[in-house]
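Sequence annotations record features per position, and here TrEMBL assigns domain 'Peptidase S8/S53' to 39-482. TrEMBL lists 47, 111, 433 with the feature active site, charge relay system. The domain 'Subtilisin-like protease fibronectin type-III' feature in TrEMBL is assigned to 539-636.
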C-alpha cells in the first residue's frame, strides 16, 4: 500500500548530541581575507535551539536578511529573532514538551548556542569562562547569518523531527547545514541524517556532521555518508590543569576545568563512604546516590574512576579527586572543584589518604598551559573506516574540538546539574559536536567566495588543503584525522577540485545494492535509476584514495579521478607522490595541463604491493603547479 507523501517507513528513534583560541590556532586569524558577500551566507544549525540574547548573536551593524531567505521565526513570550539569528523553529513530533524545557526555539541546554556561535558568532571582546580562556570569542564566519532548528530536547532528538528540520532548512534557503548529532543506523536510508543530507546535496547544500564520540576504537564513526562532510575532533595548543596539593605537601597536576579553589579540606575515599544500600565496591566510583552524605559533606572525595561529578555534588561534597586519566583525553568542566589524575598519580594520592590519620588536600583554580603536542586527534573522537564502503575515507578531516570556548545561554546549566548555580555567557566544552561547526564555518567561508560551487566542490577544497597531521602521534592515521586539519584560508583557493554530482552518488548506491525503486522513493528523484549492469560499487570521484587489503596478499588497485581547474586559467600540474610504505604508486598521466578555468582533466592512480601486518599505512599524492598544492591521502589498510 502506498501513501502519498510517505517516502520511507522506519521507527523514529531518539538520537543523541555529540558535545577562542581555535581559529587562530589553525591559522585563520580575525584579519583573514573576507568575501564581501559573507553576510549573505546562512548556516542552518540543527541542534538544541539557540539563545539570540547571547552576546555572540548581537546584530549591531547587520542589515536585513538576504533576499534569498524564505524562512521564519517562531516568536514566543521569551524568544524573538534578529538580523543575526534570522530564523528559528522548534520540532516536537509527539506534541509533548519535556519538563524543564520550553515550547519555543529557545536553547535551555546550551549545546545549540555553543555550536552556532562557534560557526558564526560575532566578535565578543573580554570573553572568558570565569577568567579562563580569556580573549575575543568569535565564530569562523562572524558576518554570516544563523538559522536555528531545535530538533533536540533534554530527552534527545527524534528522527521525525530531524527530517522535518532538514526539509525546512532546504526550503528556507540556507547555504550550509551543521549537524552536531548522530543517527545510529549503518544503512544510509535508515539514517535520517544521511537521508536529510542527500536531499540537501540535491539542492546544492553541503551538510557538515560530527564523526561521533565513540573513539578511540576503529570503526566507531557515526556519520559516514559520502555526500556529507564528516568531522573528527583534534586538540588545540591550549589545555587546562588543576593542581592538587595533599597535606604532605606533595602536589599533582590534574586535568580539569575548575573555576574556584578549596583549601586544606579533609579527603575521604569514596569506597569508605557508601550510602545505605551500597557497598564500598560501588561507592568507590562515586556514582550518583552511592555516597553517604553524612560522611562526605564538606570534604574532598577521592573516586577510582572518571565521573561527571554529580555523585559528589549531590552528596554535598566540597570537591573531588578522580583517578584514571589516559593520554589524549581532554579537560572538562565539573560542577565542583575537581582534579582528574593519571592512574599513576591517583595511586600515590590513594596511598597517602589510606596511610594518614587525617588526610587533607587543596584543589586550586585551573590554570592554562600551552599544549606543545597539538594538534592531536582527541581520544573520544570516533574513527573510521566507513562500515559500508571501504574506498571512501571517513572521517573526511579534523577540526578543533577540545576545550572550545563559545557562547552559552544564561539560563542553561554549565554542567547539566541543577545544583550547579553558576552562570556564564560562555562555556568550555569538548566533543566532535564542537569540531563540526568549525568545519561548517570553513565550508561557509569557501561558499562566500564561490556561491555556485557544488557541495562536493566545497568539500574537496577543504580536504585537499587540509594541514597534514603526524601519523606517528595518531596511530590510526587517516582513520582518525581524515585528510588533515582544516585550513579555511587555503580552502577558498584550492587550485583544483574533485566534483561529484547526484548521478555519481546514485551509481555508487546502486553498486552497494540499493534498488532503483528505493533510490527514487528516498531521494525524491523519480529519474534516479540504476544501470542495467552496475555490478560492484564504482569509483567515486573522491579527493582521497583508500583501499583494503589482506595480509601477505598482493593488491593492484586502480583509482580513476577527474579534477576541475579553479585556480590559474593556464597552468601545469605535476604529480608528486609519497607511496605508502611497502607499496608502489603510479600516476598516469603524471602531468596535467590546463588552458582555461572550469576545464576538466582525468587521470588514474595505481597502487601495487603486499600488505604487512600493520593495520594502516598511508602516503599522499600532491598536484603542484608552483602556486597551488592539491593534496590527497593514499591509504591501504587491513580490515579488523
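Each Cβ is built from the backbone N, Cα and C atoms, and glycine gets one as well.
Curation plays no part in TrEMBL annotations; they are all automatic predictions.
These numbers come from a predicted model, not from an experiment.
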Between residue 47 (active site, charge relay system) and residue 111 (active site, charge relay system), the C-alpha gap once rounded to whole angstrom: 7
Cα separation, residue 111 (active site, charge relay system) to residue 433 (active site, charge relay system) (Å, whole number): 8
The domain 'Subtilisin-like protease fibronectin type-III' (539-636) - residue tally per DSSP class, helix then strand then coil: 0 helix, 62 strand, 36 coil
Surrounding CB atoms that lie within 10 Å of the CB of residue 47 (active site, charge relay system), all protein chains: 28
Protein Cβ atoms within 10 Å of residue 433 (active site, charge relay system), excluding its own: 29
